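Below: one structure, written as structure tokens.
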Ligand code: S5P
């Protein structure tokens with residue numbers, strides 16, 4: 001049997017013994033997943049265990065991996081590593097999960113010499129975090145780690161994370177391969193395959209996700225929140241507006257959104273024409289302008305096309321679904337006709353998203369959820385933020401991201417296709433005496449993990465708004481580049 005046939009047969013067996021299951025599984029984060037992978041059961045099926053160990057070895061040899069010994073990630077991968085060791089006469093090491101507080105206190109058991117190369121064996125990779133927990137103690141005792149072999153890669157960001165640590169991931173079964181085979185063998189419907197794919201796309205783990213299933217809890221916040229490029233994140237979203245924005249930022253080299261809270265529409269149009277070349281988004285509060293008229297939207301759209309920026313009407317909808325349909329589509333402002341992006345509070349519950357989506361989705365618009373706020377004493381924190389994350393996950397076609405202040409510290413997993421936009425930004429920091437709290441562009445991007453800085457008074461109140469916009473643009477962009 002060819003390796004490929006063996007792999008197909010193994011996929012069917014894994015499905016039979018319910019090591020890979022489909023249905024509705026509630027994860028720790030509250031998200032409902034259409035797929036669940038639990039490989040602990042394979043120890044009870046010797047034919048499956050033998051096949052897993054055989055396929056993993058073949059993939060390693062095919063890829064030319066070389067190593068002196070191997071170490072399984074406790075616990076599910078230990079029997080797999082043992083089989084590979086016995087079948088191929090390759091020495092094995094063991095990592096203690098809890099280092100003994102008596103006796104030798106060794107984290108790594110077995111015979112080895114410093115400088116040897118050790119292969120890591122794992123059953124399932126989601127974020128790559130649990131692999132790293134085994135790599136570190138191996139490196140601490142002088143072993144070199146270059147290769148990681150895994151049975152199933154959920155394709156949720158683990159490979160990139162391992163790559164950033166110079167580790168090569170060899171996966172017998174990328175999840176997409178599992179889906180393809182099960183569909184070809186009529187064990188999954190095309191619809192179910194699409195559902196699982198959409199779920200995986202919407203739940204990419206980020207660089208600080210933990211190794212728990214679906215990255216349900218976050219690791220400590222790193223000083224610099226390492227990030228993926230805007231170009232790559234464009235490939236992770238289903239929402240047209242988010243895709244356009246990611247690509248626009250990468251193309252124009254700016255992550256600056258200007259909050260143009262000036263006194264009149266006339267002033268706003270003049271400002272937009274001047275600072276247009278510096279920005280990715282112009283944020284408006286159209287109910288601030290006494291001279292707002294029917295020509296406003298068309299004029300702004302012309303400027304957006306001229307200077308290549310997007311329009312974000314910061315309406316902060318907060319009513320029931322039926323009411324927001326009217327507020328978004330008609331009334332005085334007809335926001336959906338001219339604003340690419342708008343935002344909403346989640347206070348009313350999911351109906352607000354359904355209502356806005358009914359109007360915005362057919363027009364290719366995007367919605368931001370207010371998951372956190374920049375003002376002192378905000379109620380948008382903790383469970384509220386978690387709920388916003390869960391709501392966004394249910395509408396990957398329409399919700400394009402969040403208004404947030406510190407997404408790097410979020411516990412819940414969120415898709416990296418979503419955009420994080422942060423207000424309360426000034427180069428000098430501080431506050432405004434009315435509750436606004438300012439952070440610098442550098443901290444917002446590098447420490448807080450945001451993607452877009454929203455700057456209002458720091459620019460439009462400056463003596464030279466154009467020079468100030470250029471300064472903020474540079475600060476925001478330099479911070480992004482250095483966090484890559
Ligand atoms: O939490 C928030 C959310 C928003 S959208 N805090 C905010 O300040 N904003 C908006 O960002 C606010 O309405 C204003 O338009 C802008 C901040 O302006 P600045 O002058 O304080 O920079």
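Placement of Cβ uses the backbone N, Cα and C atoms for every residue, glycine included.
Model confidence over the domain 'Orotidine 5'-phosphate decarboxylase' (255-472) is summarised by a mean pLDDT of 96. TrEMBL lists 255-472 with the feature domain 'Orotidine 5'-phosphate decarboxylase'.
In the three-state DSSP scheme, residue 283 (substrate binding site) falls into the strand class. On its own chain, residue 283 (substrate binding site) has 257, 258, 259, 260, 312, 313, 314, 454, 456 as residues at least 6 apart in sequence with a Cβ closer than 8 Å to its own Cβ. Taken from TrEMBL, the feature substrate binding site applies to 261, 283, 374, 436, 456, 457.
Feature annotation from TrEMBL assigns active site, for OMPdecase activity to 314 (among others). Under the DSSP three-state reduction, residue 314 (active site, for OMPdecase activity) is assigned to strand.
Cβ-based neighbour count (10 Å, all protein chains) for residue 316 (active site, for OMPdecase activity) stands at 14. Feature annotation from TrEMBL assigns active site, for OMPdecase activity to 316 (among others).
Cβ-based neighbour count (10 Å, all protein chains) for residue 319 (active site, for OMPdecase activity) stands at 17. Among the features that TrEMBL reports, active site, for OMPdecase activity is placed at 319 (among others).
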Remaining residues near the recorded substrate site, that is with C-beta within 8 Å of the centroid of the site residues 261, 283, 374, 436, 456, 457: 259, 423, 424, 454, 455
Among 314, 316, 319, 436, the recorded positions whose C-beta sits under 6 Å from ligand 1: 314, 436
Chain-internal residues near residue 261 (substrate binding site), provided their CB is under 8 angstroms and they sit 6+ positions away: 285, 288, 456, 457, 460
Sparsest-packed of the listed binding-site residues (374, 436) - C-beta count within 10 angstroms: 436
Of 314, 456, 457 (the recorded positions), the residue whose Cβ has the fewest other Cβ atoms within 10 Å: 457
Length of the line joining the Cα atoms of residue 316 (active site, for OMPdecase activity) and residue 374 (substrate binding site), in Å: 14
Residue 319 (active site, for OMPdecase activity) and residue 436 (substrate binding site), Cα-Cα, nearest whole angstrom: 24
